[in-house]
Amino acid sequence: MSRYVGAIDQGTTSSRFIVFDREGSVIALAQAEHAQIYPAPGHVEHDATEIWTKTQSVMREALEKGGLQPSDLAAVGITNQRETTLIWDRKTGKPLHNALVWQDTRNDRLVAEFARDGGRDRFRDLTGLPLASYFSGLKLRWLLDHVAGARAKAEAGDVLFGNIDTWLVWNLTGGTEGGLHVTDVTNASRTQLMSLKTLEWDEGMLRTFGIPKAMLPKIVSSSEVYGETRAPFAGVPIAGILGDQQAALFGQTCFAPGEAKNTYGTGCFALMNTGEEPVPSKAGLVTTLAYRLDGQKPAYALEGSIAITGALVQWLRDNLHMIKDSAEVETLATTVEDNGGVYFVPAFSGLYAPHWNEGARGLIIGLTRYVNRGHIARSVLEATAFQTHEVLDAMAKDSGIPVKELRADGGMVANNTLMQFQADMLDVPVVRPKVAETTALGAAYAAGLAVGYWKGLDDLKRNWGVDKRWTPKMDAGRRETIAAAWSRAVQRSFDWKTDED
């Protein structure tokens with residue numbers, strides 16, 4: 001058998017290819033960033049052709065770094081930024097428009113239009129999701145309404161829809177020459193077009209949103225052999241697909257109900273495995289697919305999605321020039337003992353879970369002449385922990401299962417100040433695993449299981465280990481006081497943007 005498994009990790013800011021061995025250790029890695037396109041306030045786009053080019057580049061580079069050939073790979077898995085929405089011409093393979101990124105809010109009027117009859121939760125029982133600009137279905141509707149000729153071509157089957165997983169699989173398996181048009185259940189569950197119960201496209205949702213079924217990919221499991229790569233990586237089975245946050249849950253081996261992880265990246269995404277039945281949320285979370293292995297029952301999850309966390313540190317660096325690199329925010333934050341009474345609500349594109357307020361906008365509140373740059377930096381880090389606290393509290397209310405330990409991954413887990421404050425706010429331990437690349441590892445695990453590289457979930461659990469554990473140190477009175485202050489700040493951010501803006 002081939003010695004390794006590869007994973008394409010296509011994220012919001014970069015594309016990576018990582019090669020893992022049987023113990024889940026990284027053998028080779030390559031990464032390439034792609035452009036972030038901001039054509040107007042609230043608009044965020046990616047060039048899908050650039051993403052495909054960069055994906056091929058990092059695959060070549062990683063194999064070269066490892067001295068490997070495609071034949072050394074038993075399988076390749078794919079994990080991707082979810083919700084980012086693309087349409088392309090089946091015959092030419094060219095996108096009809098830049099991809100609308102998950103953060104893009106240009107469809108907010110469509111959201112409001114559909115919410116007028118039945119409110120934002122009118123489709124929640126069916127799809128698990130509230131009406132929000134975040135999800136793919138109304139991004140796709142916007143493209144069909146605004147790209148000349150797109151709807152007619154889509155109805156004829158000449159225009160295809162996909163999230164980034166679908167785009168990559170289609171190109172990897174031949175593109176215009178017989179490329180496979182598929183998506184897995186985790187990505188499909190983020191479109192608001194799939195029934196959580198049947199795991200199929202829902203005809204009623206398609207009619208309501210005005211989406212031609214002919215343009216949609218086939219829904220498949222998260223772990224099976226879908227097809228093989230074509231040149232220049234010919235013959236490698238593509239055998240795993242997971243949306244990035246579900247991939248992190250899988251890579252963190254959260255296979256039992258009540259086990260939870262939080263990924264600290266551009267945004268924050270907390271998921272809790274809830275088992276074989278979907279748990280409806282009454283506390284502002286979304287109900288989603290955790291994963292589905294080939295031939296097995298699906299596992300469901302509760303998710304709290306937070307739009308801006310690591311991106312707030314980038315904003316501090318790129319827009320305010322308060323720091324030179326992202327790591328410097330911790331140094332600056334530790335120059336002060338606390339936040340000085342300052343709270344930063346990073347509602348740059350509204351607020352996601354648990355508030356779902358499209359009109360919220362960012363604010364810094366509590367400023368006095370006492371406040372300095374250190375307090376601002378600390379408030380930036382604390383905003384991530386406060387938002388995560390809100391989401392984990394909602395998970396406990398919905399599931400009836402309090403989180404006993406939070407498994408953390410993503411770039412921000414290197415920040416000890418943030419992780420300690422997170423443990424303090426949650427009042428439970430926060431754990432960083434030995435293998436940091438949990439998202440890519442989850443995709444590799446899904447692919448490896450499908451081809452027998454790993455025999456079962458127990459093999460994966462044995463690979464997981466603790467790198468560092470943070471335990472709570474804050475007293476309950478202090479925790480309650482600052483949590484209440486944060487809640488007041490959040491309330492003041494609501495509904496700043498109006499239809500006239």
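Cβ atoms here come from the backbone N, Cα and C positions, even for glycine.
Per Swiss-Prot, ADP is bound by T12, R16, G310, G411, N415; the candidate from T263, T266, T368 named for the same site is T266. Swiss-Prot names R82, E83, D244, Q245 as glycerol ligands; from the candidate set Y38, Y134, Y291, Y300, the record adds Y134 to that same site. Listed in sequence order, E83, W102, S305, A307, Y352 are the same-chain residues six or more apart from Y134 (sn-glycerol 3-phosphate binding site) with CB atoms under 8 A from its CB. In sequence order, Q81, T84, V101, W102, R190, G243, Q245, S305 are the same-chain residues whose CB sits within 8 A of the CB centroid of T12, R82, E83, Y134, D244, the residues recorded for sn-glycerol 3-phosphate being left out. According to DSSP, S14 (ATP binding site) is assigned to a strand segment. Between the farthest pair of Cα atoms in the ATP binding residues (T12, T13, S14, T266, G310, Q314, G411), the distance is 15 Å.
Per Cα geometry, N415 is the residue among the binding-site residues R16, R82, D244, Q245, N415 nearest to Q314 (ATP binding site).
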